Amino acid sequence: MSAPSVVVLDYGTGNVHSAVKALELAGADVTLTADRKLAQEADGLLVPGVGAFSAVMSALRAVRGDEIIDRRLGGGRPVMGICVGMQVLFEHGVERGVDTEGLGEWPGAVTELPAEVLPHMGWNTIETGENSVLFNGVEDERFYFVHSYAAQSWTLDVMPPFPEPSLSWAEHGGRFLAAVENGPLSATQFHPEKSGDAGIRLLKNWLDSLRSA
Amino acid sequence: MALSVRVIPCLDVADGRVVKGVNFQNLRDAGDPVELAKRYFEQGADELTFLDVTATVDNRSTTYDVVRATAEQVFIPLTVGGGIRSVEDVSRLQANGADKVGVNSAAIARPALIAEIADRFGSQVLVLSLDVKRSGRTESGFVVTTHGGRTETDLDALDWARQAIELGVGELLVNSIDADGTKAGFDLELIRIMRELSTVPVIASGGAGAVEHFPPAIAAGADAVLAASVFHNGELTIGQVKAAIAAEGMPVRA
């Protein structure tokens, strides 16, 4: 069985080096690029994201990442967002009073966590969703988070024949979405590429799902 | 359920090697940073911090190589401090696999650097490193020092911490110069004061000499504990420190 091909979308955000190396270790054939054709055709597209919601959205639009993601999802082709790469999948984000439109793949807003100490930085436990594929074998592990904002509710009603999304939650000041698995679209608020062996396993689980997608 | 307490080994790196010394003097070679980083990762380190103590700017590229090689093999957060003076320095380090950067003297000389980095990359990327000493020079009795504690500034450590948080740092690395090198335990009073004023995570540093020194630092409010020599000298392993913390009922990552 050949290695699944994954494009890590290169649009100038944060440390993407680790995401590339972690995916390679998990068994993927990885290309770091913003090339539309390659991003469209890969078995999986990984969208990293670090920094401010508005900055990530502008950078994403600058490489037409919004269209790439839309088109892939329209064809049922897997996409995974990490950290702010997860946050921008929602309708909008509110940071320091600035309300920015997101990609709108999921309804709802990304808002500041109601915690005394922010950023939420470090290794936290996760209440994993039913039927999760990503957390298979690592349900009880801690994962590495670093963020101040998150989606704190889920309002998408999924009608049959579409399967119910698998929602995983974590807590810091309040409950928030740690991961969502919704058909071809998955996302984690934490950084699997910085979560040691557990993170590599989670990425491997995603790669395995690409083979059957 | 809550965040676990982070245990962070710190490696001083010069010209591509880990060095040991007291206050940056009499540096001795202590091994290959990538090998040490891997060993700490295997022992359960929650993050790694590299402090670049390279004397000349010319030799800094070796630190980028070390960061890159480490990030290819160790999948936990990597912080790099030392010699960071600009947004471009941060950009280069990130491109080589660093997740966070620590600023110290350059931010003291030019506080706007904090806002420049935070605006561009977000607060979560920026750690303010504070070398703090007791002194009659300031109102709070705690002064910010530079050059490994040898030079006192005019900055009140509490005021500087507040100002830096306001400007956008995402974390405070509080190193007690009074406790540093004593191996008599962390500076609990300083940790308590910093925890009280800080809205961002606080990493306690300086004074660790035995496993029983760690739980009181956490009880005093540290979100993370950092140590160097006790790990490098092989006196303690990360696992032993975590076991001591867990034995006090505090959460650690297994």
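Here the Cβ of each residue, glycine as well, is placed from N, Cα and C on the backbone.
No curator has checked TrEMBL annotations; they are predicted automatically.
According to TrEMBL, the protein has these features:
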ACT_SITE  A:C83  active site, nucleophile
ACT_SITE  A:H191  active site
ACT_SITE  A:E193  active site
DOMAIN    A:7-206  domain 'Glutamine amidotransferase'
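A 10 Å cutoff on Cβ-Cβ distances gives the residue listed as 'active site, nucleophile' a total of 29 other Cβ atoms nearby, all chains included. Spacing of A:H191 (active site) relative to A:C83 (active site, nucleophile) is 7 Å (Cα to Cα, whole number).
Under the three-state DSSP scheme, A:C83 (active site, nucleophile) falls in the coil class. For the pair the residue listed as 'active site, nucleophile' and A:E193 (active site), the C-alpha distance works out to 11 angstrom. In the structure shown, the C-beta of A:E193 has more C-beta neighbours within 10 angstroms than that of any other entry among the active-site residues A:H191, A:E193. Within the model, the domain 'Glutamine amidotransferase' (A:7-206) shows a mean pLDDT value of 95, rounded to a whole number. In the three-state DSSP reading, A:E193 (active site) counts as helix.
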